[in-house]
Amino acid sequence: DSSESNEIEDVLFLGRQDANSFMRQPRPPNHWDSRDRFKSPRERTREKCEEYRPCERLARQVGLKRAYGKYFGNRRQRPSTSGRLRPRKYRASRYRNHHYRY
């Protein structure tokens, strides 16, 4: 009985090479496939605006670029009150010698 159970386990187990041989068939690269996999930034922008109803309505009136900018534009998020940044004049400068003239 124990020898039969070992045979079944051997049949069910596939090595990594054997599994990859039938799971992924090699094919030549096709530039049309990459268009389906990766969306352009404009397409991602359009989809994000379509999902938010006010942005979609405004996009019909003034255009996608302006509508997206109004609702999802580059707005700085406010830091949390617990980790407030010091005022700019007291922050460490990235370029410490910026005040010297050469």
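Each residue, glycine too, has its Cβ placed from N, Cα and C.
Since the structure is predicted, the reported quantities are computational estimates derived from the model, not experimental observations.
Residues annotated as compositional bias 'Basic and acidic residues' in Swiss-Prot: 30-45.
According to Swiss-Prot, the compositional bias 'Basic residues' annotation covers 85-102.
Counted within 10 Å of its Cβ, the other Cβ atoms near Cys49 (disulfide bond) come to 22, all protein chains included. Annotated disulfide bond per Swiss-Prot: Cys49-Cys55, in sequence order, evidence recorded as sequence analysis.
According to Swiss-Prot, the domain 'Gla' annotation covers 27-73, on the basis of sequence analysis.
According to Swiss-Prot, the phosphoserine annotation covers Ser2 (among others).
The phosphoserine annotation in Swiss-Prot covers Ser3 (among others) and is backed by experimental evidence.
For Ser5 (among others), the entry in Swiss-Prot reads phosphoserine, with the evidence type experimental evidence.
The number of other CB atoms found within 10 A of the CB of Glu43 (4-carboxyglutamate), across every protein chain shown, is 10. Per Swiss-Prot, 4-carboxyglutamate is recorded for Glu43 (among others).
Of all the Cβ atoms in the protein chains shown, 10 others lie within 10 Å of the Cβ of Glu47 (4-carboxyglutamate). Residues or ranges marked as 4-carboxyglutamate by Swiss-Prot on the basis of experimental evidence: Glu47 (among others).
The 4-carboxyglutamate feature in Swiss-Prot is assigned to Glu50 (among others). Around the Cβ of Glu50 (4-carboxyglutamate), 12 further Cβ atoms fall within 10 Å across all displayed protein chains.
Non-local contacts of Glu51 (4-carboxyglutamate) by the CB criterion (under 8 A, 6+ apart in sequence, same chain) are absent. Feature annotation from Swiss-Prot assigns 4-carboxyglutamate to Glu51 (among others).
Annotated region 'Disordered' per Swiss-Prot: 18-45 (among others), in sequence order.
Swiss-Prot lists 72-102 (among others) with the feature region 'Disordered'.
On the 0 to 100 pLDDT scale, the domain 'Gla' (27-73) averages 85 in this prediction. Sequence-distant contacts of Cys55 (disulfide bond), defined by Cβ-Cβ distance under 8 angstroms and a gap of at least six in the same chain, are Lys48, Cys49, Ala67, Tyr68, Lys70, Tyr71, Phe72.
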